[in-house]
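Step one of this worksheet: look at the structure below.
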């Protein structure tokens with residue numbers, strides 16, 4: 001059974017056992033634009049104890065640089081190399097695993113975060129946030145990009161695009177008619193919590209393209225993909241046995257931590273409840289749970 | 001094995017055995033805007049022999065009235081009651097099987113054909129081709145329809161919407177948060193052949209909403225759904241044993257005919273080839289195949 005963190009001694013044990021703390025962001029640090037209680041204090045506490053903190057998010061619409069700004073707005077200090085977004089994980093995958101030649105371009109159905117991260121590892125991308133595509137598909141226009149596919153495109157990346165439309169989907173599908181062009185997903189979360197609503201997540205964009213093209217993505221680069229954990233372990237030289245993943249979702253965050261060989265801490269400020277926790281089989285229970293992340297700070301006082 | 005229709009005698013046998021001819025349209029009568037050879041002559045021949053002809057299409061973007069105009073443009077005479085579109089099949093399903101009360105509205109993600117057919121059976125629909133939704137989702141607008149769901153909506157219909165965007169998907173998803181509201185698909189074809197291209201089909205719109213809402217459609221009303229065949233048999237009082245379904249797709253048209261207890265004729269002017277035909281198990285082989293529908297006329301000369 002998961003241990004509930006409810007006493008000062010338990011917090012001290014956690015601080016003693018782990019050197020590295022990985023955090024999901026939305027539902028753990030904040031909910032939409034609302035910072036959760038005692039989060040800044042908890043992160044300050046961890047840093048003052050010499051702990052390494054790393055932020056891991058499946059939101060691909062932002063780059064790591066965008067995330068640094070978002071953290072600043074909440075009064076949280078974080079550097080770019082402490083942040084792992086699915087946009088970054090995808091760029092790393094294209095570069096290190098796909099080994100796409102640098103003279104090839106990437107067609108993106110998704111936000112600017114993906115394009116910014118691809119650019120940092122040396123790839124030109126097209127599509128994405130280009131306003132050319134923010135209109136209806138016009139098959140009567142001989143100049144339409146649907147008739148002029150770029151022969152330099154060597155990979156297709158699909159993530160959450162909150163401006164997705166039929167035109168973009170139709171062009172993405174044409175690129176995937178070529179079976180030589182790999183199809184990558186940044187992540188496959190079905191929903192995207194925003195401003196108190198559940199909105200369509202990256203998974204809906206991926207499913208549209210999978211159905212149209214008759215192809216499944218080669219991989220989904222974000223959580224819970226173990227290649228994202230491998231990249232984090234390698235970049236920060238962390239000891240998995242002395243690391244803990246903190247998150248609010250069982251099927252992404254907790255799975256990601258557990259299968260990556262880390263301890264896990266579920267917080268109940270996001271998706272899950274005590275009820276969903278109690279329904280779990282013993283072997284997939286998180287190591288710990290707490291009402292909120294801020295309890296680590298508050299219980300120590 | 002399927003019998004290839006290649007002689008005058010074989011055509012005479014077909015004319016002798018069947019009183020009712022059901023036709024898929026795209027890939028059988030025409031390809032996009034291009035009428036296929038000897039189609040008008042074949043239909044005239046069948047009518048002159050006293051055969052009943054019925055047209056069955058999964059394209060839900062048009063109503064039956066729209067189809068009559070499309071037939072006229074090709075010089076084919078057809079009346080509204082000879083046409084069964086998935087838009088009509090969906091309206092019949094909402095009315096006769098779902099028995100949705102007439103004071104309820106239907107939220108439509110799809111084209112005007114669905115709305116026109118719903119109106120004919122007495123339902124008001126919203127969404128659909130309303131230009132209000134042809135823009136980006138604006139969560140900062142307190143007047144956005146996403147915050148003002150219509151409490152009269154009692155069903156959601158999803159079909160092909162060539163103007164689909166994130167705003168429409170997000171609103172559709174909000175209606176489906178209510179588990180009491182049934183979710184219907186007009187059809188689930190993954191692709192939509194148009195102007196020589198393969199474009200995203202109704203199935204891609206359905207998959208988007210299924211992923212976002214975590215729900216599967218209650219049913220898909222078009223081919224190969226047997227309830228569409230039941231409606232045709234009932235409306236035209238046809239004898240299934242003396243009827244034949246003509247189509248270009250194995251997984252919709254031929255399945256629809258075979259499982260509906262009809263003979264089947266595959267034409268090779270659309271999706272399938274002799275190769276795909278030869279790969280079939282014996283029990284799913286169509287009764288007949290021919291290079292094109294017009295062979296029925298040409299071989300008789």
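From the backbone N, Cα and C atoms, a Cβ is placed for every residue, glycine too.
Quick look at what TrEMBL annotates:
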- B:24: active site, nucleophile (ACT_SITE)
- B:26: active site, proton donor (ACT_SITE)
- B:24, B:26, B:248: Mg(2+) binding site (BINDING)
- B:223: substrate binding site (BINDING)
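Packing around the residue listed as 'substrate binding site' is summarised by its Cβ count: 30 other Cβ atoms lie within 10 angstroms of its Cβ, all protein chains included. Put simply, the residue listed as 'substrate binding site' is 14 Å from residue B:26 (active site, proton donor) when counted between their Cα atoms.
Within the same chain, residues at least six positions away from residue B:24 (active site, nucleophile) with a Cβ under 8 Å of its Cβ are B:55, B:56, B:57, B:223, B:245, B:246, B:247, B:248, B:249, B:252, B:253, B:270. Among the listed recorded positions, namely B:26, B:248, the Cβ with the most fellow Cβ atoms inside 10 Å is that of B:248.
Excluding B:24, B:26, B:248, which define the Mg(2+) site, the same chain contributes B:25, B:27, B:28, B:29, B:57, B:247, B:249, B:253, B:267, B:270, B:271 within 8 Å (Cβ to the Cβ centroid), listed in sequence order.
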